[in-house]
Each structure stands twice: as structure tokens, then as C-alpha cells.
Amino acid sequence: MTASKSFLDPATAFDVLSSYSSNDGLSVTELFDSSTTGGLTYNDFLVLPGKIDFDAGSVITDSKITRNVTLKTPFVSSPMDTVTETNMAIHMALLGGIGVIHHNQSPEEQAAMVRAVKRHENGFITDPVVLSPNHHVQDVRDIKERLGFCGVPITDTGKLHGKLLGIVTARDIDFSSPTALLSEVMTTSLVTAPSGTTLHEANEILRNSKKGKVPIVDTEGRLVSLLARSDLLKAQNFPFSSKRPDSNQLYCAAAVGTRPSDRDRLALLVEAGLDIVVIDSSQGNSVYQVEMIKWIKSTFPSLEVIAGNVVTREQAATLIAAGADGLRVGMGSGSICITQEVMAVGRPQATAVFSVAEFANRFGVPVIADGGIGNVGHIVKALALGAGAVMMGGLLAGTTEAPGEYFWHEGKRVKTYRGMGSIEAMQHRSSAPATNGTATKNSPQPPSKVTTTENAATSRYFSESSQIKVAQGVSGDVPDKGSIIKFLPYLHTGLQHSFQDIGVRSVGELQSGVLSGKVRFEKRSAQAQMEGGVHGLNSYTKRLFA
Ligand code: IMP
């Protein structure tokens, strides 16, 4: 007979638990203890699960990206010419994040993009595309092809503030000859609303009239703005949209460099309505950047300034002291990046984010974890380490809203994705004419080509004037990922489920839990990483969301 083993009374489980000297797993300081570990990447550790006593749907992902701007989803698209132009910036903002419009284009083109974002879905389209009765059906078809819509008001002058004569919609031109005059096809029985109509009233008119567009006219019948049913529907579909509380306009960010000409560029962007400027540099701890921040703060005091990039506390201190409202963290972690290989500088991203965020958050300066975000788990880890948001390039490249055309490569539908420090981006020039004004109005437009003006990409890597350009990035392609209208909600819902597993209901609760030692971590060996991935299958399909 074997002696029966005596077990502890289950009712004492919590008493026994409290007798341990610390909670299971590692605190964040133990995780990053440099005496036992080198720099960590997101894949080098996991967050330990907590207790679930709430619905995933109740998790709030609101988070600050600068001192004064809070987003409902902590997602930022990178200022790269294969990632963020008008269409991406509009949709990022509609979905609760923000897009940073790249500066590898002329200042005028970049300003036109900012303007298009600011004008989008702000209720009334204050800058609609307008034609005259003497234009032709083909002109409307051209607009449809270029801008994706064809509800065009017709005024006597062919311009805003001209006398409203009619409207041309898709139905008016379906069967018409391209050379027919618009005066022959336009609809003249119009439903209009007087200027001064509130957005709420105008929406009621749209709803009741069943019209696609309602022109807003002054007392003399002159066109002052336009209201579109599609905008009304979008407002209903995008409850998280990132809007300025004072103007109801979408938030828009854009990148600039630190050269003297960037001051003129920025002035144009501010005039176009810019809310946040990102000073774009791979190594932000420079006198140029300090001077730029100070100049911006004294010239445009209400503009939020995100400075960077940095990966150390010392770099961060310089920019915080200069007046930065937010910091971009990452050097060498981007999916297209060869900085660490070529320059021998950089830092593993998880260590960089924790180190900088822990310091910057003491000053109320939020941190954006930039680069190396490959999945929802990486986003959760960046937020846990103190980031207010993540900036994504590769994850958003290849979506419908990213600039560029799809093409086929080895049997796959792909789009180009390239580093801004790639030779291709640094040398990029095009003979395409500058945007002609109407192309930037109202709504998403096709990706722009870079003009022969200044190549701003080169300012990011301090290599533009060298005879030999030293690449810090590569150029490649990424698969078609569909629209971010589906992808961003997947990221958001993924975050909510992850937070539920961790047992926290908000970004704030996650970060305070980490700092207090309540939220715990575990390191992952190479074997542990293999175990945590799919293994042992002959073949499988990986579908991330449905
Ligand atoms: P990803 O999301 O991992 O693809 O990384 C995107 C980030 O990489 C950007 O936001 C930039 O900070 C950075 N980046 C962009 N172009 C280059 C480059 O050419 N070399 C190094 N880093 C780059």
C-alpha cells in the first residue's frame, strides 16, 4: 500500500498564493533587466493572461498620440510614398486612427492632399467640383474616372459662388454622347437648402428628398457648398472617426524635413488645415530638429509637433526639452529597413519603446512605436510598453487605400512597398504634372506622382547631397490586402480581445498595470517562439479575420 499524499485545502488557494514573494512571471523592469538580457524585440516576450470579468466589446482603445490629440484607435499610417496619401489619410481618420501624408512630393501637392483630407466628410463640401452648362458629358466622365464620383453641380460661371443652374449625376449621362453639352442633360428640378442650414437639417433634407446631392445656395441662388448622401452614410458607418472637436473636420497629419525650405512647405500645409506635423528624420537627435521644433512652436503655436525618430532616453530628452508634443520611436525595426545592417546603429524595438516611453510619459509626451508592427500582438505589446499608438508601413501597404497600382508578380496581385531610404525612393523623379487643383477636391484621388521639384525623402537620411547615396531601405512588393475598411476594424477587435485576455479594459489600465507590476510578462526562447507559432501541420491556410 502506498501512503496517501496529503494535499492543501483548495479553500486556502489564495492564502497560499499570497505567500509567494512575487506574482508569477516577470515585471516589466525584470523583463528589460539589461544584466540578464540584450535588447528585446516584440517576439522575444509574451504578456501573461490575467482575469476575464468583462466583455471584449467593452474594451476602450482611446489613446493619446500627442499632448492634445486623443484617437479612438491607436493606429497611425506611416509617411511613406507607398503608404499614405489622401485616400489612406482619409480612411485612417474615418476609422479612428490618423494618416501622416508623406513629403516625397512637391509642397503644393502635399498641401492639396492635406486640404482634401480636411475637406472630406466635414458635413458640407465647401469646395465641390463645379462645371458650367457649356462643358461636355465627357468632362463629367473624366471626373468620374479621376475622382470616383459624378454628381456635379452646374453654375453659370462653372465655379463655386456662380448661380446654380442644375446638377449632373450618373443617370443624366448614362446614354449621352460624350460631346453633348451639359445644358442638354443636366437636371434642373433641384432640391436645395439655404446657406445657414445646419448639418442636422441638411441631412434631414437629404433623407426625405432621396437625392444623392443637395446643393446649398445663398439668398441669390448662388452655390455655396454641397451635401452628399455618401458622406451621410459614411458618417453613420464610421462612429470612431478622428475629428477635431471644434470643426468636425477629420484630423490630418503630414511629414516635413528640417531644411530651411521645409519651413515654407509647412506654412502651406498649415494653410491647408494641418493639425499635426511629423518631423521626419531617421535620427532625430540633431540641432536641425531642435531648431525646427522651436521655430514651429513659435510660428504655429497650436500645431502639434511629433518629433523623432529616437530610441534612447538621451535622444528623447533633447526633443522633449525643445518642445515636442509627441515622439516617434524606432530605428532599424521597419520591415523594409537596412539601417542596422548598414549604419550599425539602432535598437531592438521593444527595448526602444519601453525605454523612451517610460521616460517621455513622465513629461506627458506620448510615444508612437514606429516600425516592425507585423500583427495584432505586436500592437498590444507596444501599447503595454507605454506607447500611445503604433505607426505602420508594411502592414498597411498593399491595401486598396495605399498609393500605387496593383500589378501581378509571380502569380500574386501586389503593390509596391519601399523604404523611404531606398535608392528608388531617394532618386524618385517623375515627369507627371503637378496636381491640377480639381483632382484634390472632395474625395479620395489616385496616388500622386512625385514631381521634379525637391526630393524630400533624401532629407530623412542625411544622404541627399552626397554623390554616393547610401541606402537604408529596400524596395519590394506586398500582397493585395483588401481595404483598410475591413483591416483596421480587425486590428481594433483583435486589440479588444487581447486586452480581455490580459484582464484590462483600456490602454490606460494596461499601462498602469504594467508599471505597477500587476500585468506580467514572460520571455520566449527560440524554441518557445516556435511552439507559439503554427507547427506540425502538413499544410494549412492562415485566414486572419472573416
Ligand atoms: P514597417 O511598418 O515595419 O514596414 O516600418 C515602417 C517604418 O520604417 C516607417 O514608419 C519608418 O520609420 C521606417 N522606414 C521607412 N523607410 C525606411 C527606410 O528606407 N529605411 C529604414 N527605415 C525606414
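Each Cβ is built from the backbone N, Cα and C atoms, and glycine gets one as well.
Fair warning: this is a prediction, and the values are worked out from it, not measured in the lab.
For the IMP site, TrEMBL gives SER335, ASP370, GLY371, GLY372, GLY393, GLY394, TYR417, ARG418, GLY419, MET420, GLY421; the one candidate out of GLN289, GLN467, GLN472 that the record lists there too is GLN472. A gap of 6 Å separates the Cα atoms of GLY419 (IMP binding site) and CYS337 (active site, thioimidate intermediate). With a 10 A radius on its CB, GLY332 (NAD(+) binding site) counts 24 other CB atoms from all the protein chains. Neighbour list (SER335 (IMP binding site), Cβ cut-off 8 Å, at least 6 residues apart, same chain): GLY371, GLY372, GLY374, GLY393, GLY394.
The NAD(+) site is set by ASP280, SER281, SER282, GLY330, MET331, GLY332; from the centre of their CB atoms, other residues of the chain with a CB within 8 Å are GLN283, GLY284, GLY308, ASN309, ARG328, THR339, ASP370, GLY371, ARG460. Cα-Cα distances to CYS337 (active site, thioimidate intermediate) place MET331, GLY421 within 10 Å, out of the recorded positions ASP280, SER281, SER282, MET331, GLY421, ARG460.
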